[in-house]
Amino acid sequence: MECGPILPDSLVLEIFLRLPHDAVLRAGLTCRQWLAVSRDEFLWRELFYSYYRIPRSVPRHPAAVSWHREFKRLFDCIPCVEVQTLREHSDQVLHLAFSHRGHRFSSCSKDCTVKLWDTERPDGNISLVHSSSMRQFNWGYTQFSQFNADDSLLLVSGVYLGPHHSSSGEIAVISLENYTLLSRVRNKPYDVFGCWLNETHLISGNLHWIGNMTSCSVLWLNKAFQDIESENVNVVKRLFKIQNINASTIRTVMVAHCRRHDNPDLVLDYEAQSQAQRQKGQQRQHQPLLFDLGTSGSEEEDEEEEGEGEGQRQARCQGPSTARLSQSTISPLEQVIQSCKNISLRDLEIETQVAQMMGRAHTKAPDSGLIEPSEPVEGEDKTYLLFTTGSLTYSPHQIGIKLIKPDQMTTSGPVLGEERSSDEFFDSLDHVIDIHGHIIGMGLSPDHRYLYVNSRAWPAGCVISDPMFPPPIAEEIDLHVIDLKSLREERRSLRAHRAFTPNDECFFIFLDVSRDFVASGAEDKHGYIWDRHYNICLARLAHDDVVNSVAFSPADQELLLSASDDSTIKVWRSPRMVRLAQAPARPPRPRGLLSSWLSRNKNSTSANSVNGKP
């Protein structure tokens with residue numbers, strides 16, 4: 001059959017440039033010429049930038065093979081198709097956590113259970129394998145969980161229903177071999193959450209008050225269980241004792257194992273890099289002020305004093321409720337206001353000034369060689385303890401960073417820091433990053449180089465005159481990116497998700513990071529997915545209520561989970577994975593004549609050898 005006149009390639013390309021990407025793909029099926037033009041790199045470069053609305057100053061991902069494949073990756077490999085809804089929880093689902101292998105995940109809920117789920121069923125569906133209720137231990141609800149490095153133990157953090165509506169929490173360690181409870185550790189305040197330092201040791205918190213707005217946070221290293229070998233060895237050891245002023249406390253601890261980063265998974269040098277360098281010298285660094293909160297008695301003795309007035313002391317500066325409490329529980333902020341309403345602002349200012357003076361006199365000086373943000377040491381492995389804190393108000397607005405030395409990663413050695421001199425009973429922070437807003441979530445990249453932070457910004461140029469009244473917070477949630485190698489914020493914050501609750505009722509929104517994507521929940525009943533390299537929002541995941549937590553499978557970033565106040569966990573897979581799962585099984589390929597002849601000849605030779613024939 002004779003074909004008509006052939007259009008020049010240049011003219012076909014001009015036509016394709018004016019078509020949407022799906023029309024280009026369909027047109028490429030017409031003939032060989034159009035197919036070749038439809039794979040043109042210049043064409044897909046233009047389609048890529050126009051469709052995703054990415055500034056042309058942003059380069060292509062360094063791992064991308066072609067513009068066409070990069071377009072297809074962002075379009076076809078995002079886990080945005082709902083494939084399953086898990087309804088086994090009877091109340092709000094607050095947190096999700098995958099095992100390191102990705103074969104299981106855990107979920108925590110206001111129904112006070114922690115549930116374990118299997119992701120490796122042959123039919124591709126996720127099923128419940130175990131559920132543990134923590135009500136027998138007087139918990140109000142479970143709020144956070146984390147697998148240890150070899151997936152043999154599960155850390156579960158919850159809110160403890162102590163006397164006078166205290167702010168105490170508790171951490172439980174569960175064996176994943178037989179689901180037995182191995183240990184329980186007090187954790188105060190409850191929104192410290194807790195975390196694993198290594199396979200066998202976890203970090204918890206404690207809080208002690210000395211003034212109306214002055215306290216100290218003690219971070220403890222705990223062995224997950226006591227075996228025969230540890231009977232004569234410490235199972236608990238104090239890591240750090242840090243002063244808090246202006247009603248702030250340490251919360252949301254996590255550990256980052258920062259190793260050599262010769263091949264970072266992000267390219268952060270484009271666009272705003274030079275601007276970030278200029279702004280670095282202009283921004284005021286807010287260093288924490290430290291103060292001794294009590295030298296009489298040990299931490300254990302203070303902890304046992306849960307008598308009259310415990311509620312006022314423990315929750316005095318707990319601040320906003322980062323995890324939603326039951327209706328019968330008085331919010332921590334109300335207790336803060338109640339305890340301070342009879343105290344004049346002048347008295348509070350004097351307390352802060354005294355705390356600053358005492359802190360300077362009794363705080364261990366930081367080691368200048370531990371952290372040098374401007375000139376990081378190449379090839380040196382470091383372990384950082386990260387947490388939220390503050391110095392201006394009870395609202396968590398700063399990220400504190402403390403280097404953990406190798407000799408501090410075991411409970412062996414001095415228990416209560418006897419190696420310190422008597423006058424240096426507080427630890428200074430090694431580095432502080434001020435977010436200038438209310439921090440409501442943090443997550444680490446898989447390689448632990450980048451820290452992603454959810455925050456609700458304060459108004460530009462705001463001044464805090466009273467720590468009990470922090471600035472109003474924005475409804476938009478900003479997602480900041482901090483490079484833990486340089487210890488600075490590296491690029492513009494992402495903004496697509498929203499929150500609506502005021503400062504004193506702010507929700508904690510857990511986020512998660514995979515190799516290529518970052519995801520977060522939001523109060524607008526959606527989860528969100530961004531591409532880490534291009535800084536763009538790729539998908540919105542619908543729920544019927546607030547989305548509290550999201551989690552990527554570490555084994556397959558095209559599998560994502562989201563947890564919501566609607567009491568469900570939704571399972572999301574990419575369009576590519578859904579298409580592959582629905583495709584009929586391919587029949588086996590017919591073998592060629594040569595391979596069939598070789599196979600028959602091999603079988604014949606084997607049979608002759610068995611029968612003793614040459």
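Every residue, even glycine, has its Cβ placed from backbone N, Cα and C.
Note that TrEMBL annotation is computational and uncurated.
Record features (TrEMBL):
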- 7-47: domain 'F-box' (DOMAIN)
- 86-120: repeat 'WD' (REPEAT)
- 293-328: region 'Disordered' (REGION)
- 298-309: compositional bias 'Acidic residues' (COMPBIAS)
- 319-328: compositional bias 'Polar residues' (COMPBIAS)
- 540-572: repeat 'WD' (REPEAT)
- 582-614: region 'Disordered' (REGION)
- 591-600: compositional bias 'Low complexity' (COMPBIAS)
- 601-614: compositional bias 'Polar residues' (COMPBIAS)
Looking only at the repeat 'WD' (540-572), report the model's average pLDDT.
-> 97
Cβ-Cβ under 8 Å with the repeat 'WD' (540-572): same-chain residues at least 6 beyond its ends = 77-87, 89-103, 105, 107, 109, 119, 126, 446, 507-517, 519-523, 525-529
Summarise the repeat 'WD' (86-120) by DSSP state, stating how many residues are helix, strand and coil.
-> 0 helix, 19 strand, 16 coil
The correct DSSP tally for the repeat 'WD' (540-572) reads 0 helix, 23 strand, 10 coil
Determine how many residues of the domain 'F-box' (7-47) DSSP places in helix, in strand and in coil.
-> 28 helix, 0 strand, 13 coil
